[in-house]
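A short write-up of the structure that comes next.
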């Protein structure tokens, strides 16, 4: 198939147009963060830096940000360990029930968030009689984050093959030494990519979180939800959104660099 | 176990010159465990699987099972406490109630529409990214697609609320051309959800297209197939699992959403809203659990239907 110039230009134009449309709402948020109007009136009646100052002095938002980072980091670490274990098991071994196990891993993300949310809420509150805390949120998030690590590591293991590992054990390395010196270095960038996705997934999660978080604790999305419709807070929310998008460029760029330097070009 | 000396069964012959100078391997407990494990593949597998399976089984499968059980209980209308009397009333009410039927149809309709919109938009973009763009542009495009994922879900939904509002951006830019803003309602919900899940659909399709070798496309063209024929006979069959993988995301995420519809959906309710009100305000967990069984059944049917395409390996 050789694409003509016209088809290439058309495809490029569609891509450009859709990307532009994707960014329009984000630009609206950016502009709103400077707008003097609290009700998102378009075009903005005037511009101010008031909201940016307020956002950085907003104790509730900063605390929620810290909670979110803590939750996302903890659930990412749990997901990294469990996801790596399960992907090695599924990729390197044949066993009865293998398909069921792989279905089990993707189930928490394939079932709607509301199902995961109410199932865990019910299990924690009604069955186990636990109080909902930040810990229950971490457990819930880790459960659906396993799949992102799993996918990345599984794909890497498939591509790696077993030659190096076999060579290592032929040369006398024990299982742990082989993993530490041979398998892990090859998995590192896949773990980074999977971990990054897990972090992002947890950081922005709201549906499952509303069902598993206790009173008095707020993750950033919960704080945003609670403040979105308060007229004095809406512009502050816009500021925080802008900051998050801008900051997100760094990890995505690093992940891309790692993936790009390893990938053999097509 | 970190000792560099070779294991007894795989070591070099004793005549090896270096052998004399290397200290004899110390048989630590860890090394003995490692040797034992390396001879017992089943045990190794058990060690690998136990922690994740314990987690998924205890946390998730048990929770889903408990949800099913709770659906069979009832709430004492006097104390508001859950009473563990077994009854099918909740499930019967959900299956036969016209409210639940209407809302289920509406939710599935929204989810299907969102999925179709996303796939139609994602296909040309993913194709451009994977097969036309230069490696450099490709990297930039992947970043451009990924970045909106980091903007908060809520803020994006709220941005659409502001775009679609009266005197919002839509009325300012598009309305003069004769297309009125859809206002708040189901069309706004479909637009916003499609917007939110689009990156999740683009990425698997892009990854799927990356796996289609250029040589196959060239071969197809050398054998005389035109572009559309190549797309239909070569690309699409290889891409199908990736498309389904993307659709699982958009379909499932739409099926369980109740926040977007609150923000831009006007007074419309989706299944998620019914579950949420029954957990919170109405405090009827058994009924909420029964309603939650609807999306579970729908997703299981969907997953079972697409399982054979291999889509689940493309998520």
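Glycine too: its Cβ is placed from the backbone N, Cα and C atoms.
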Which range of A:40-62, A:132-154 is transmembrane segment, per TrEMBL:
A:132-154
Under 8 angstroms, Cβ to Cβ: which one of A:12-34, A:132-154, A:234-255 has the largest number of such pairs with the transmembrane segment (A:101-120)?
A:132-154
Between A:12-34, A:132-154, A:190-214, who has the most Cβ pairs under 8 Å to the transmembrane segment (A:234-255)?
A:12-34
Is it true that the transmembrane segment (A:190-214) and the transmembrane segment (A:64-89) have 3 or more Cβ pairs under 8 Å, skipping pairs fewer than 6 apart in sequence?
yes
Long-range Cβ neighbours of the transmembrane segment (A:12-34) (under 8 Å; 6 or more residues past either end):
40, 42, 44, 47-49, 51-52, 234-235, 238-239, 241-242, 245
